[in-house]
Number of protein chains: 2
Amino acid sequence: MSDALPAGSVIGILGGGQLGRMLSVAASRLGYRCHIFEPGAQPPAGHVAEQVTTASYDDHAALRAFADAVDVITYEFENIPTAALDLLETLKPIRPGRAALAASQDRLTEKTFLQELGLQTAPFADVSDAASLDAAIAAIGAPAILKTRTLGYDGKGQARLKTADDAAEALASMAGAPAILEGFVDFSHEVSVIAARGLTGEVVCYDPGENVHRDGILHTTTVPARLSGSQRMDAALLAGKILTSLDYVGVMGVELFVTPGGLIVNEIAPRVHNSGHWTQAGCAVDQFEQHIRAVVGLPLGDGQRHADVEMLNLIGDDVADLNTQMRATRTQVHLYGKAEAKPGRKMGHVNRVLG
Amino acid sequence: MSDALPAGSVIGILGGGQLGRMLSVAASRLGYRCHIFEPGAQPPAGHVAEQVTTASYDDHAALRAFADAVDVITYEFENIPTAALDLLETLKPIRPGRAALAASQDRLTEKTFLQELGLQTAPFADVSDAASLDAAIAAIGAPAILKTRTLGYDGKGQARLKTADDAAEALASMAGAPAILEGFVDFSHEVSVIAARGLTGEVVCYDPGENVHRDGILHTTTVPARLSGSQRMDAALLAGKILTSLDYVGVMGVELFVTPGGLIVNEIAPRVHNSGHWTQAGCAVDQFEQHIRAVVGLPLGDGQRHADVEMLNLIGDDVADLNTQMRATRTQVHLYGKAEAKPGRKMGHVNRVLG
């Protein structure tokens, strides 16, 4: 622990949503204080952080003051403007580092990186205009899915092509943004591995969870996932390969499609991940604490799963009546303190210990 | 849930130590915000609370402003000055209520209350001067222990009498404070029950834990405690009797001596309790969340124990090297964010899931 930031140090977190909120709580368990940087007013993470800076990512004076006030910087989302990172990294360590952000902010860079590591991805092709889209459809076939290269999440910035006839409409919906066409993968189910790598290079993976989506948003994650022993091993090995090749420090979410031909990497997220919320109920050290441990240079904790868990996301009006969940056995309700329950907004989640 | 304070409501907490800190974290899980009132600077709870008022308990303007800013008031310690409570209770509900504070702030009142409920306590007698101490020794015998009626904790404000010859010195150490003499109880071990009562009167007890003290400070709590089935039932029933008779709302710690003649109540604490920290690792809903649920009027959660746990307090320099605990399997380290590790100061605790 001699190399770890001493207890009482301040962790700067870019982003004040529910992930920042749960990171701040985890940091408090280890004696650290948190400072949130967030453009939006009343960020959920602000309820449990010692300091909040409300400022835009192009406010360089605010960024400088934030960096001066903290000992290390981490983040709860990957789409941080590059200029802000360029400034911050001259002032304080940013963990996970820039390589991970570069590899995950852009779908084309991400898939190219994964292929170069020897990992399987969906077939993909760069699309910048009608001609390159036609070429992509010729190479990949249809159905396929057109996605903006950057800034997409929870099904946003995507258009499905049932046939080549949908090309023009799909391209128009990208509004001129650089895109990639991805072929469909014939998978039986999706799993994700939440992996962590410490400052000294040690890697720990949580047991993979099985994800079910609804309307493009994660609905449930259940552990254990339906995987053979060798699939489970493959998942851990490929996650370790990704983290190590990026000299990664922190927790990463790696989404995988399970196919007869092996595991296919869907996407990586260089942060704590919604599909890892189950660790709050199933492990002594959850993904949020594991991320904080890595970021401050503490040894990684015990991520062994001691219980089967189902995590259920509470979206929009799902929080209107929680009486049943509040009273249920072996059940944790987590709410994010968001003021308004808009449709599609993640308001909380429920962890139910199974069996 | 219709009678519960809505998510986003503000819970005022009197006291900013580690208990307030962990209450604030638990409140955030349920979507509530916390406001800490604490005379001392840099309170640990302030790191994870939305607001902190730094003011004395005799600053009535500050107390009024605090009450105006919150929706309900609770506390992390029982020795709150009476005048402050007199003011606050005219402004916002205080939970647990005054009856519980009255019964626990004064050892004489507490023991009298417990006896009137038909529960066993150590033999005791009121001591105000040398004559009443002599009478008390005559009635109770020696060895015995002289304790201040108010404000004692962690072994402070106590003097042991090996024989009647120690009377004068023991009395002098009370410095004129009202006291009681307690006879020694021949007990095999100490256990405590963490019990909760909701706003609608429902009572839930956690499985009793077995406590070991060192130098007058709790050292470990282990669950399950060594108790027969009927002792376990007795413990829950007597805790329920105490809470119900006080129309209690919140979590209470009830310390019990185990003797061949039955369970003897040592003391009650109208708050979350150090001997209940194990619930963070052993239950879906821990004592801190259970207290918050009660205070805001939510249904009580599932306090069933799903694992055996040993809780170890980290006192003073115990936090100097945590490398072993940080890496240990099924182990949670909780640090309180206190600046200085003074001897005897509770700095954190470790929850180890056993087996």
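Using the three backbone atoms N, Cα and C, a Cβ is placed for every residue, glycine included.
TrEMBL does not curate its annotations; it predicts them automatically.
In TrEMBL this protein carries:
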BINDING   B:Arg107, B:Lys147, B:152-158, B:182-185, B:Glu190, B:His213, B:266-267  ATP binding site
DOMAIN    B:111-296  domain 'ATP-grasp'
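Under the DSSP three-state reduction, B:Arg107 (ATP binding site) is assigned to helix.
In this structure, the binding-site residues B:Arg107, B:Lys156 were compared by how many other Cβ atoms lie within 10 Å of their Cβ, and the smallest count belongs to B:Lys156. Here the Cβ of B:Asn266 (ATP binding site) has 20 other Cβ atoms within 10 Å, regardless of which shown protein chain they belong to. The Cβ of B:Val185 (ATP binding site) has 16 neighbouring Cβ atoms from other residues within 10 Å, across all protein chains displayed. For B:Glu182 (ATP binding site), applying a Cβ distance below 8 Å and a minimum sequence separation of six or more within one chain yields B:Arg107, B:Ala122, B:Pro123, B:Phe124, B:Ile140, B:Ala144, B:Ile145, B:Leu146, B:Lys147.
Reduced to three states, the DSSP call for B:Glu182 (ATP binding site) is strand. A coil conformation is recorded for B:Lys156 (ATP binding site) in the three-state DSSP classification, outside any helix or strand.
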